[in-house]
């Protein structure tokens, strides 16, 4: 099926990229967009209910969480040691996507999702989300460039993670206000 072919394509891309950039690793070559490459495969967990490949979806969610725990510290170290040049600073917004993607995918790939795990993922995702939200005014002052497209997925997946988690969260009325805020910020609509 097409779903498996796409998954194999992502894995192939990860292997080729890793061979090229990890073979002669340099912290200066680490960018926030590495989170897209190494954690993005967790999207398979998000699509598991449609594809029916729950086992693979679960594996990608677990991998996505572990990869997030490895890649994000590397990205932060890089940003501290080698700040991004002005033209690509909007790329920083991709750091709020990993925990959100893992949270959104976890709830769908694991029908027996544990509330504690969901809340942990959501708290982590919200910390990174609001870090980026508070950076937005500064990032949006940069001259417009195609790198601004980096704002889209992280803002949308954060709202998606929250929306997917709502049925199993305790105190949904509290989370609902946050979901409204994130949806408006991501789409401009109420």
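Quick reminder: no glycine exception, Cβ is built from N, Cα and C everywhere.
According to TrEMBL, the feature transmembrane segment maps to 6-22 (among others).
Here the transmembrane segment (34-56) has long-range neighbours at 1, 3-4, 7, 10-11, 13-14, 17, 63-65, 67-68, 70-72, 74-75, 94-95, 97-98, 101-102, 104-106, 108-109, 111, 153, meaning same-chain residues at least 6 beyond its ends whose C-beta is under 8 angstroms from one of its own. According to TrEMBL, the feature transmembrane segment maps to 34-56 (among others).
The feature transmembrane segment is assigned by TrEMBL to 62-79 (among others).
Positions annotated as transmembrane segment by TrEMBL: 91-109 (among others). If one looks beyond the transmembrane segment (91-109) by at least 6 residues along the same chain, the residues whose Cβ comes under 8 Å of a Cβ in the stretch are 31-33, 35-36, 39-40, 42-46, 48-49, 54, 57-58, 60-61, 64-65, 67-68, 71-72, 75-76, 79, 84, 117-118, 121-122, 124-125, 128-129, 131-132, 135-136, 139, 147, 150-151, 153-155, 157-158, 160-161, 164-165, 168.
Here TrEMBL flags 115-132 (among others) as transmembrane segment.
Here the transmembrane segment (144-162) has Cβ contacts under 8 Å with residues 32-33, 36, 87-97, 99-101, 103-104, 107, 121-122, 125-126, 129, 132, 136, 175, 178-179, 182-183, 185-187 of the same chain, all six or more residues outside its ends. What TrEMBL lists as transmembrane segment is 144-162 (among others).
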